[in-house]
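Below is one structure; the comments refer to it alone.
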């Protein structure tokens, strides 16, 4: 019954939010690009690149904030490349995303070696960490306080981003255009919406969100960069977006589920289960979640057809 | 038809040249000995028999994964699980190679078949999830890779780990299961013939059989394929199972040809390389060895460059990414193709109308 003890502790609640943060950022990025009708497979690579640049620039400027800025710039650049190739040169967006991911996983090692003379970890760089925030008043509340207070500032920005993405998509003219372009590009085009322009904007926004996630990984979750440290979070984010039916709130809850699985994996290391099995948990949960979601979609379509 | 082929060749060449040019720029920017580095990169693999043999050795796993991905991409199934299937194929061959004692003539084929079998079963998972519940094979196969990695490492670490070896490896494989070397002094092994055989079989399968035709039709237009009576769900299933079989076989062959113990501590990444190979080869089995050779050549060249100069070998990731993106880009050089088509049409028009436009 040690598992229950772990799950029902406030530190576990804290851990869920901590693990959810990077997935949530990337998943919100997936929401925006998906709403515009382009699948952003490159989230993984964008996160990884952002994580690296955050560390490098924060080490050289001695400022975590400049690191964050650099991370975002790198994310914008990566998604610009993705957008240019998929929208202007008509490269299949999945293949372009795969190419960018491959570029990131090799390119980050290349850059890391040039800057830190190491191919594995950035420990020779004195990089900075974004600050943690204690929420006034909230931190005094029992149970809630220890779970919600004292997180990295990016965790709060991620939670805020859920609302911002919702407002953007459903309460602004740009959001309306994004959704129109995703639902029917030809119809959107016929009423004078520049389809490519909107998709460019959506991909750039999606890249910015993913780079927040990457910056969090190397400047919050841990305080260094290591090769392939994203470990599939960009892909898990895609699954979270699918499970969340593409809505910001649904995606938030799906991300929490994966955060839960991840936190469980981190916390069960002390139990006498082979660690390999525990590390599988988030990925297994992702597949199960994906199947449940997809099969519910299939049966819904069937019902509609029968009527 | 002829012009289409010419166009694709020129386009591929231009894509490769552009990527190489970008890499030259990067090398000149970061290196203190750029000409030295570039000559090692470009002609290093040709400078010694051993280096050239390295290129051929590395081509073998790239061919297997390139074939596996090609067949799945032909059916428009973005299954990325070749990586995990390849890894588990090697694990299965390790289990057979260590735990069993058989005469070579049975042991070796059995180990390879075991690897293929496991690979096929594993990629059946994303396939069935797709055909039954319409779950994206892309996401599920990506997740599967991580699961298989941990599972494989678990088997090696808990059951087959040689604690006396001093580092994380399995017990040595029985010598009766190892693929013999082709040339003394190199690691080039008989697996290359298995790879060549698979190329021919896969070409024949895809272009000369009913099942292969069904795969290609499903990939071209799923709705049309369904309309003309092809069982698309079945095609989706078997295309991915065959992909898994080839990837698993590749893992077994790689392990039995190149190693005497299981030594991988992380996923070797050949599944991803298979995607590059498949795109370069336009999913055509006969072009897969050419693409695999190219990728292998620049990899070995980059390794030599990294060993002898100050440029890290990961610079090839730039070439890989650019080549994929440019070749997959429909509009890349489309204007040139357009003018070519128009010119040809005009020529024909002239010939047919006795040389005048009236």
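Even glycines carry a Cβ here, placed using N, Cα and C.
What TrEMBL lists as transmembrane segment is B:12-31 (among others). Tertiary proximity for the transmembrane segment (B:12-31) is limited to same-chain residues at least six positions away from its ends with a CB under 8 Å from its CB atoms, namely 37-38, 41, 280, 294, 309-311, 315-316, 318-319, 322-323, 326-327, 332-333.
The transmembrane segment annotation in TrEMBL covers B:51-73 (among others). Residues 44-45, 79, 82-83, 85-86, 183, 186-189, 191-192, 195, 198-199, 202, 206, 215, 219, 239-240, 242-244, 246-247, 249-251, 253-254, 257-258, 268, 270-271, 273-275, 277-278, 281, 283-285, 288-289, 291-293, 295-297, 299-300, 304 of the same chain sit 6 or more residues outside the transmembrane segment (B:51-73) yet have a Cβ under 8 Å from a Cβ within it.
TrEMBL lists B:85-102 (among others) with the feature transmembrane segment.
What TrEMBL lists as transmembrane segment is B:108-129 (among others).
Positions annotated as transmembrane segment by TrEMBL: B:141-160 (among others).
Residues of the same chain lying 6 or more positions beyond the ends of the transmembrane segment (B:188-207) and with a Cβ under 8 Å from any Cβ of it are 53, 56-57, 59-60, 63-64, 67, 70-71, 74, 112, 179-182, 215-216, 242, 246, 249-250, 253-254, 256-258, 284-286, 288-289. What TrEMBL lists as transmembrane segment is B:188-207 (among others).
Positions annotated as transmembrane segment by TrEMBL: B:235-259 (among others). Listed as Cβ neighbours of the transmembrane segment (B:235-259) (distance under 8 Å, sequence separation of 6 or more from its ends, same chain) are residues 57, 60-61, 63-65, 67-69, 71-72, 74-75, 77, 79, 81-83, 85-94, 97, 108, 111-112, 114-124, 126-128, 130-131, 137, 173, 177-179, 187, 189-191, 194-195, 198, 202, 205, 211, 214-215, 218, 225, 270-271, 274.
Residues or ranges marked as transmembrane segment in TrEMBL: B:315-334 (among others).
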